[in-house]
Structure formats: structure tokens, C-alpha cells
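**Q** Quick one: structure below, then a few questions.
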Amino acid sequence: MPILRVALDVPVNTLFDYLGPDTVVTEQDVGTRVRVPFGKHLMTGVIMEVATYSSIASPKLKPIAHIFRDVPPLPETLLDLFRFCSAYYHHPLGEVVMNGLPGRLRSSKPFVQQYRPILEYRLTGTGRAADPSVIPPRNIVKRRLLARLKETGSITIEEAKQLSQRAPGVLKEFASLWWVEERAEIESSAIAAANTSSPVPVLTPAQKNAVDEIVPTIKQFNTWLLHGVTGSGKTEVYLRLITLMLHQRRQTLVLVPEINLTPQLEAVFRARFPAIRLISLHSGLNPSERAGGWLQAQRGDAQIILGTRLAVFTPLPDLGLIIVDEEQDMSFKQQDGLRYSARDVAIFRARQTGVPVILGSATPSLETYYNAINGRYLRLQLPSRAVRNATLPLVRCIDTRIAKTEEGLSPPLISALETSLALNQQSLVFINRRGYAPVLLCRSCAWTAACQRCASRLVVHLREKKLRCHHCGHQERFPTNCPECGDQDIAPFGHGTQRVEEALSRRFPHARIMRIDRDSTRRKDAWQKMLEEIQGQRVDILIGTQILAKGHDFPNLSLVSVLNSDASLFSSDFRASERLFAQLMQVAGRAGRGGIPGQVLIQTEFPNHPLYQALCRHDYDSLAQTLLVERKLARFPPFIYQVLLWAEAPSIDLALAFLANAEGISAKPKHIEIFDPVPAQMPRLKGMERAYLLVQSSSRSKLQKFLGEWRTQLDALPDRKVRWALDVDPLEF
DNA sequence: AGCACGCCGACT
DNA sequence: GTCGGCGTGCTC
């Protein structure tokens, strides 16, 4: 009997051996889902290996309960991708595999697709390997059908009917054995391929250059950095390369950040390629839709796969190109479970498949930038805006030490808003703080309202008369007097979106003002409605947080102003500057996208700070160079490789004790630095206390080797009430 | 992760 | 004398 080595969703880094019925299971079944008895229950897993021998004592071995023949087996290349992730992120293989499957295929029930008329049957690998002598000699129809399939590879339902009246039934039977797969479309339907509908714009010289650079080596692995200022037309470069892929009948995987931006890009793609099967995999889909799209990708029917980080694990038999848009975006990194970076996994996948990967960004992460200037990645630049007459906005700082603010607004900003209003142009006020005020303060004893479960201040939401924790969602009533000293002189301190909205409505009573943050867009479709209002010119002043920074075109927007961004200049997080710059570049990029010249005003007490200076000059490179020098001196990434060991426990002492223990048992090899355990930046979160231990090395391979050994030791450590996890290439501390 | 096994404190 | 606490170890 064959031994099946099965990946299961359990936190132990091992496969589990089962007995497989030899008549049904072959080498071809690697990648097939199975139902197996595990402890008390049945679980769904994936066959990773078929072997003849098991090191497990035979009385322990159980037979599998069921083999799923509802979808094709996962291709070996995808299993290799899972193996890589498990090894690189030091995460159990079974969890990696099951995390990569759509939920619908993880469940106990077989996947039943919505009705699609079956037009064609195609022979599978299992079918090709099937021995015709197992068919009884008198079953002529079966024999003929199998012979025919082995000859031509596929058969349409019409052709089959001509062979025999009973052929469709026999094909169904073949399908249940996984000898053939059912297809709803006939192969040739892909021919409609690259006939485009929406007008194809003329490329700018820079865009043309980028395309011309990539095309000659489009069939080999390279990591390209497409470095283009906002509005420089990176999307058009993607579209040209995708067109090429469509002509070559190859699939393109497009990864986008985790924001409601997917529909927008989807619309652009659909307009350009109306006849092409595009699937988009994002959080808004129900499980069946997701599994359906995933399956279309696996069959090679979907030619463009657009999705968030999870989509990097989609099986793609004809993959020809990977695009990672806004590669610096933090949402490509998963922060729990398997802590993978979809951008980095995409690069591995491109190398594995031998296809190019394009990282697009206006403000690349320093890791990517460093790789581009040292030649590991190939850099292409789009230095100016693509729309005719659209230029980069004029960026200026307002020194609030001189121009004193009132209600958070300085006189020059007020007059700029007035001018915009008079010209009937839109303005955007960017402030990265939701709520009315970030702190509730007692003037008499300096008490501030804090969250009981998190180490954070409660944010004042005045309209709802509530105090809210933005980390865990906890809410409480607004107190009437100070719980410490009883004084009634408690007041909101600082400014959030709601307070700025209030101040602006007082200042500009006739202006149409709209606040856009997580609170105002919570309701379903609210954001879509608001976008329509903005695009229909029914709004004068927009006030909002980061959701306004990304991706949307506001053609009539001429003024962008930034409030209260100074805090990030002096953060203890060494990546804070990089992120602030990227965010401000993005929000500044909203101004002047149409024909109107744009203006950006930044209220700051540090107008001479190099970050703002670089921003005023639109000079990413000089800031990046400055930051790289700092990083090199401080021995931070990208000059060093980091790993965190996270621990979470009911008390910080337990977490720290576990980490000290972990540090103690480590082999402490040369070239590996292990730092002492420290509490996390947000030491208490949702009632749990968190700490971490930093491990770093200038050698990635030495670090990997160390982690492999350390992990085994950590597994053996008593983890009393402590949950722990390794975070390779961490972004947050 | 679940779940069983197992060894020490307050209960009908 | 038992019910149940959660510490430890296993699941093919």
C-alpha cells in the first residue's frame, strides 16, 4: 500500500503518514486534498508526497477517509512555493499549505461549482497514466474513449456524443476518477485575446523606454523596479506588458495593497481588455466566488489575476509576469500566523518560474531601493507626469512657530483654502488622526483617559459622546469629571479629523465639507457614494486620513494641506521617516492630477527638516540616500537581516521570562547577534502583554541556519501561557 | 490547535 | 472519598 504524506493545519512542523488505497492513489495524486482521521476528528489536508515506506510504526498508521476529486491537484510548483515559505519563515508546512488555499477548499465539503455547461473534457496526468487493461474488455465505449483521449488530449461533448450515446456518462465517470477534467470553455475562446477596446494612449518617452527595456528579456527572471512619480503612468506600462502576455497566452499576476483600490484597477483592466478573463481576489468576495476564481486561475482560464497578498499563492500554470504595485505598502506583509511578505514571495515565485517581476512605486521601500542601486534589481524611472500639462505640485512648508495655528489651522493655510474656494477648486486637508482629539486631558491633575486593555490613550469622539480605543475597539462613555481628582475641567487635547471638520465649518460656513476616515466610511458603499460626490464636484473641502492618500484621481483638486505630521519625524521606529515620506508623497500626488496646477502646504515646526526639504524638491533619491547612510551607520536593514521572536502572555513578566529562556538556550553562534528581550512598542494589546527579542546578522544564510536549529529548541521549551512566533524580516516592532 | 491523561486542592 | 484545576504530551 502506498504511504501518503499529508500536510495538515496543525502547528507542528511535520507531515502525517496515512495508508492510501493502492488502486486509486498514484504519484499523480500529490497535491490532492484528502480527508483523514486525526486524533478524535477528521481533518482536511493535502497530499505532499507519495511514498512506499513510512518511519511510523504500522499499527499507528490509519487509512485516509476520502480523496477529493472535485478540483485538480495543486501543481508541484505551488507545493514548492509552500515548502519555500515554510523553510524561510520557519512556519509549519501544514499551516502554510492550508493558509494558501481558499477557505472553501479547506472545508470538509467538496467544492461544487455554480452551474457551468460542460463543453469539453481534457485528459489529466492521471488519465494519461491510467492502464487501459483495468477496463473490462467488453466495455467498448470506455476503451474507445480512453484511447481517443490519449490520442488527442481532449474531446468536446459533441464529439463524444458522436462516438457513442453513452459517452457523456462515461466521461462523468472518468472525471470522478480524475482521468479527465471538465471545462466550461473551449480552448480556442482565448483567441479573442488582445483586441482592445478603450483607447490606447501614446506612451511618454519614459514609459516607452521602460517597456522597451523589459520586453527583450520578458521570458526570463529579473526583478525590475519601476520607479515612477505619482501620475507618471506606471499603470500604462503594466497594461502594455500585460498585452504582450495576452498575445503569448501567458498569465499575469498583479498584486495590489489591501485597500479598496482593487475595484478601481479592475475597472481599468476590464476597460482595456474586455474579452479577457480577469479574476480579482480580494476580501469582499464570498468563499465560493473566491474558490471559483482561484480555480479559473488554476485551469489557466483566467489570464489576469488581480489580488491582495493572498493571491501570491494562486496556482498559475501559464504564469508569465508578476506585478507588485505600490511595493512599499505594509499590507503586503502579513502580521500574524504565517508572517510572510507577499512582495518577497512574489520575487521568489518569479525566480522559480523564470519570469520577470515588476515592483512599482513612487517611493520604493529602502530595501528595494538599495537592491536597485546595487544592481540586484533593475531600475526604470518615470520622472514626470504622463498627463499633458500636468506638472508636479508645488510643495511648501508653513512654519507654525511663526504662523501660529488656531484650532489647528494656520493663517496661510486659511487663505489658501479661501483662494481655492473662490476659484471653485477642491481642497484636501490631510490629518492622520481619526476622532475629535487624540487625548482627553484633566487640566487640574494631568490625568489622561487610557484604555484598560491596551497601553494606549483613548481617542475622543465628541459627536458620539464616546471615548474609543483605536487599537482594540473598546468604547466607553465620556466622563463628566476627572476620575482621578474629581475636577470638572477635563477637555479634549490635540486635533483629529472631527475637530478639524468642526473648525473648518465654522470658518467656512458656506463651503461643502466632507470628512473621510474609517468612521465615516464604515457603512457599506459609503466610500463609493462619497467618491461620486467628490468626482461630481459636489464637495469643496475634503478632510481625511490615509484612505485619501491612495490611488484615486481627483481631477479638480488643486490644494493639499498636511496637518500634524511632525510626530513621525522623531519616532523610535527606524522606518517611520521612510513611511511618512511615502505617505506625504502619495497625498501630495493627489494635487494637480488634471490640468490644474497643484499646491501642497505642510504645517510644521521643523520646516528645515531634511525630510520636508526633500519633499519640497520631490527628491526621493536624496532622502533615500540620506536614510541609507543613517541605516548603514546604525546597522539597520537593508544592511542587516533581522528576525523577531514575539511572545504574548497575560503578563509581561511571563513573556519576558519566556524570551530570556529562549535567549539562554540558543547556541549563540558567531555572526549572529541576539539582543535582550524588550516590551513591544504597544506593550499591552487587547488584554495581552507583548514583548520581543531581536536577532540579527549580516549573513542571511547564517541567520537562516541558526533559526532552523533554534526553532527546534524553542518547540521543546515549556511555553507556560505564552504564545510565541518568529517574524522573519519584520516591519513592526 | 484540540484533546486526553494525570496529579494536587475544596466539596456533596 | 470525588470533581475539577490546568500543566504536559501526542496526534500519522
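Glycine is treated like the rest: Cβ placed from N, Cα and C.
What TrEMBL shows for this protein is this:
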| type | residues | note |
| --- | --- | --- |
| DOMAIN | A:215-382 | domain 'Helicase ATP-binding' |
| BINDING | A:CYS442, A:CYS445, A:CYS482, A:CYS485 | Zn(2+) 1 binding site |
| BINDING | A:CYS451, A:CYS454, A:CYS469, A:CYS472 | Zn(2+) 2 binding site |
| DOMAIN | A:477-634 | domain 'Helicase C-terminal' |
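Help me see these features in their spatial surroundings.
**A** A sphere of 10 angstroms centred on the C-beta of A:CYS442 (Zn(2+) 1 binding site) encloses 22 other C-beta atoms.
According to its DSSP assignment, A:CYS451 (Zn(2+) 2 binding site) is coil. Long-range neighbours of A:CYS451 (Zn(2+) 2 binding site) (same chain, six or more residues apart, CB within less than 8 Å of its CB): A:ARG457, A:LEU458, A:CYS469, A:HIS471, A:CYS472, A:HIS474.
For the domain 'Helicase C-terminal' (A:477-634), the model's average pLDDT works out to 92.
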**Q** How many Å lie between the Cα of A:CYS454 (Zn(2+) 2 binding site) and the Cα of A:CYS485 (Zn(2+) 1 binding site)?
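**A** A:CYS485 (Zn(2+) 1 binding site) has its Cα 23 Å from the Cα of A:CYS454 (Zn(2+) 2 binding site).
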**Q** What is the set of residues, excluding A:CYS442, A:CYS445, A:CYS482, A:CYS485, whose C-beta falls within 8 angstroms of the centroid of the C-beta atoms at the Zn(2+) 1 site?
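**A** Apart from A:CYS442, A:CYS445, A:CYS482, A:CYS485, the close residues are A:ARG443, A:SER444, A:ALA446, A:TRP447, A:ASN481, A:PRO483, A:GLU484, A:GLY486, A:ASP487, A:ASP489, A:ILE490.
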**Q** Within 8 Å of the Cβ centroid of the Zn(2+) 2 site residues A:CYS451, A:CYS454, A:CYS469, A:CYS472, which other residues of the same chain have their Cβ?
**A** A:GLN452, A:ARG453, A:SER456, A:LEU458, A:HIS470, A:HIS471, A:GLY473, A:HIS474, A:LEU685, A:LYS686
**Q** What three-state secondary structure does DSSP assign to A:CYS442 (Zn(2+) 1 binding site)?
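**A** DSSP assigns A:CYS442 (Zn(2+) 1 binding site) to strand.
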**Q** Around A:CYS469 (Zn(2+) 2 binding site), how many other C-beta atoms are within 10 angstroms of its C-beta?
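**A** By my count, 21.
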**Q** What same-chain residues, at least 6 away in sequence, bring their CB to under 8 Å of the CB of A:CYS485 (Zn(2+) 1 binding site)?
**A** A:CYS442, A:SER444, A:CYS445, A:TRP447
